[in-house]
Amino acid sequence: MAFELPNLPYATDALEPHIDKQTMEIHHDKHHNTYVTKLNSAVEGTDLESKSIEEIVANLDSVPEDIQTAVRNNGGGHLNHSLFWELLTPNSEEKGTVVDKIKEQWGSLDEFKKEFADKAAARFGSGWAWLVVNNGQLEIVTTPNQDNPLTEGKTPILGLDVWEHAYYLKYQNKRPDYISAFWNVVNWEKVDELYNATK
């Protein structure tokens, strides 16, 4: 079965002023859609068509060599963005088991946000910043391009796209401003759900 572009769980202008409508439209309808199209083209006629995108990305080493790069880039792009849309909401509320765990590990939510923001800002070129669960502990990691922590056996529960296409229309070269705005639209309920599913 072909992979499909998921619908956004909110209107394209729902995250204004933090993430603008035009960026959301281009990011979802054009960029994400292209990843889906190219992923389907790469896996057509292979047994990967019947697997979930999570399973494929978690086992990239077993993907045939001739399509591995295309699947890594476009499969990662599809998985990362599918998760990203769900991790955003116009009704952000900082609560839940995961928030308590963050405070326990970092001392405060602000300390966590600072480390996450620093790592996201320092990610050279295109990539992602993630909060992952690794052996029961929370960890902040970054990945290049469309790589996903699942490939390294870590479970992502929060992710931030730091490709320029995610913010350039509104923030231009001011990536730290975009990262700061991100905290206003984090769907902590979804982060909590993903965290609890790892237990």
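Glycine is no exception: its Cβ is also placed from the backbone N, Cα and C atoms.
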His27, Asp161, His165 bind Fe(3+) per Swiss-Prot; candidate in His78, His81 listed for that same site: His81
Tertiary neighbours of His27 (Mn(2+) binding site) (same chain, Cβ under 8 Å, six or more apart): His81, Asp161, His165, Ala166
Sparsest Cβ surroundings (other CB atoms within 10 Å) among the binding-site residues His81, His165: His165
Conformational class of Asp161 (Mn(2+) binding site) under the three-state DSSP mapping: strand
